[in-house]
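Taken straight from TrEMBL:
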- B:148-423: domain 'NADH:quinone oxidoreductase/Mrp antiporter transmembrane' (DOMAIN)
- B:24-43: transmembrane segment (TRANSMEM)
- B:50-73: transmembrane segment (TRANSMEM)
- B:93-117: transmembrane segment (TRANSMEM)
- B:129-147: transmembrane segment (TRANSMEM)
- B:153-172: transmembrane segment (TRANSMEM)
- B:225-249: transmembrane segment (TRANSMEM)
- B:261-281: transmembrane segment (TRANSMEM)
- B:293-312: transmembrane segment (TRANSMEM)
- B:319-340: transmembrane segment (TRANSMEM)
- B:388-410: transmembrane segment (TRANSMEM)
- B:430-452: transmembrane segment (TRANSMEM)
- B:485-503: transmembrane segment (TRANSMEM)
Amino acid sequence: MDYVLAALVGLFIAMGVYLLLSRSVIRMLIGMTILGNGVNLLIFTAGRVTREVAPIIPSALEQPSGPIANPLPQALILTAIVIGFSMFAFLLVLAFRAYQSLDADNTDTMRLAEPEQTPNPPLSY
Amino acid sequence: MATPTPTTDLPQAMIEAMTPAADWVIVLPIVFGLMGAAALLTMRRSNSTPLLVALAVVFAIIACEVTLLLRVLADGPVSMTMGKWLPPFGISLTADIFSAAFALGAAVVTAIVLVYAEIDRGDAQEADTFHAMVLLLLAGVTGAFLTGDLFNLYVWFEVMLIASFGLIVFGGRPIQLDGAVKYGFLNFLATTFFLLALGLLYGLLGTVNMADIMRVAPAANPAAMAGVAALLLLAFGMKAAAFPVNAWLPASYHTPPASVSALFAGLLTKVGAYAMLRALVAVLPGSRDLLEPVMAMIAISTLVIGPLGAIAETNLRRAVGFIVIGGIGTIMAGLSMPSLLGVAGAGLYIFHALFTMTALYMIAGLVEKRTGATDSRQMGGLYAASGSISVIFLVLVLAAAGVPPFLGFWPKLLLLEAGFSQGATGPAPGTVGVVLVIALLVNAVLTLIAGARLWGHIFWRSGPIDAAPSDAPRLLAPLTGRGRVGYAATAVLTALIVVAGLWPEPVMQGARLAAGDIVDPARYVEAVGLAGETP
């Protein structure tokens, strides 16, 4: 199972990197999300996938009576999902606003902040 | 399963006593920052003086951090663990001298920038969330400095990132949206790489607590750990804008108002550099040793390419951005020489850059306000109109280049000493140390050329590049009202830099003490409460 998940993580990250290399901002955004999900899956796999029971301790006991699933990766991933989603929401709005005011979904034509073909710096001083 | 119930010894897993009241001083700065941001956000329509509320919160934070710094200087690192779980299960906040000093520096810089920001704000612009986002940014930066847990560091990075997103698009001009797309994507990518490294680290070691990693990392597979450390180096290098991955900084830092640029230049890249110092030098020293040639190469190329970019650039704030990148190279040089002197130099340089780079952007904002231009081609003749601005600009350029007696000289002195001593005591002749020393000196000369050239263009020549010598310089009216407030804030910050440069003994002593805790983290591990246990 670990090997299947590891291959899936690799596939997700490869897809994310491929989409991030695109010039279109929307494709980059989708690539960012897929990359983020690949990383979440990696944390899940790194926490050891088992077939044990859920990490719930019966009320009569003070610690689990046998092996249980690892609850920590779930806490880590949940945090990462929430953060990743909020970043995705912000970047989506930003991409839309940039498309509206710069009239560009292409990073090659977004050159307001770094103008192309500026003359050479002055040679004085 | 019929196994008998194991007896549980609660004190082994839980904190049963209340945390002493004095230890709360480590979590209070973050709490104040987050609560202040939330309060300002809810009061944004009814509150007519958000600046005063924000300043009150920042001064409360400064008071806590002064207390914390004094305590850390006297008694060594302080740690507090959240939620009754003993470390490494609970999330620890841990402060040593470097983290407390950087957090204090960040709060002082934020207070000054909050006052300076009045220069960019009109009288009609009261019901907004600028101050709330600055406080949120400060909370994120403080959390990143004070945390003792790598996953928690990731969370603070994201808090910082979302606040900086809000600030960089503040006002929504098209050029800001352009800059924000590049800033946003590349920084989010950097934190995703950090998360990737964290996932692998957790899979290898089963812990994300820094002190616990220090104990168990030496037993792990060195090749796998080096891979994790390389990912961390990439992630923090992107955050700090070190050479091959620095393109986002000059693409975005000049687009928002000057006050926001100043805040970013002081706080954000320095957090990336601090994270590198903490994670690579203190937590994973074994893996850092394997990566040392890479780090030295990054340091040398950043040191040289940063100021060369500044020489080639005519947009004033973009040129300052390249000088900031050159400063990151200086920190990387210190991290490539993990002796006591090298770490002390890198840490002191971070402290110096917190103040100096912020002040450089603030004075650049004042110059833009006086000339009405952003490109140094369109500037000129400001010396006759405003001598004091030109003096402050020159002082800050000299401080950034590291000319004695300004603050920037002292960390570079420590680094030069470190470079030469590495050559003398190493098993091989220390060519790396000598090359780093040469790169540091080249960086100082190039920064001086870039700064002097900017100074000559903006202040010394009689007018813009296309003006005849007889034309009067094209300047806007002298600063009044809010403009004078911004001017006073810049002067105060510059005075702090000059005083610290003329009387460097306290910061030099502090940096050496702090570096001792990074090079030998025994006191740090003991403060978290993990000393003496076998993993």
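Positions of Cβ are set from backbone N, Cα and C atoms, glycine also.
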By a Cβ-Cβ criterion of under 8 Å, what residues six or more beyond either terminus of the transmembrane segment (B:93-117) are in contact with it? 26-27, 29-30, 51, 54-55, 58-59, 61-62, 65-66, 68-69, 72-73, 76-82, 130-131, 134, 137-138, 141-142, 145-149, 152, 210-211, 257, 259-260, 262-263, 266-267, 270, 274, 277-278, 347, 350-351, 354-355, 358, 362, 365, 485-486, 488-490, 492-493, 496, 510, 513-515, 517-518, 523-524, 527-528
Restricting to the same chain and to residues at least six past its boundaries, which positions have a Cβ under 8 Å from a Cβ of the transmembrane segment (B:50-73)? 22, 25-26, 28-29, 32-33, 35-36, 39-40, 43-44, 95-97, 100-101, 103-104, 107-108, 110-111, 114-115, 118, 126, 130-132, 134-135, 138, 142, 510, 513
Check for me, if you would, whether the transmembrane segment (B:388-410) reaches the transmembrane segment (B:485-503) - at least 3 Cβ pairs under 8 Å, residues 6 or more apart in sequence. yes
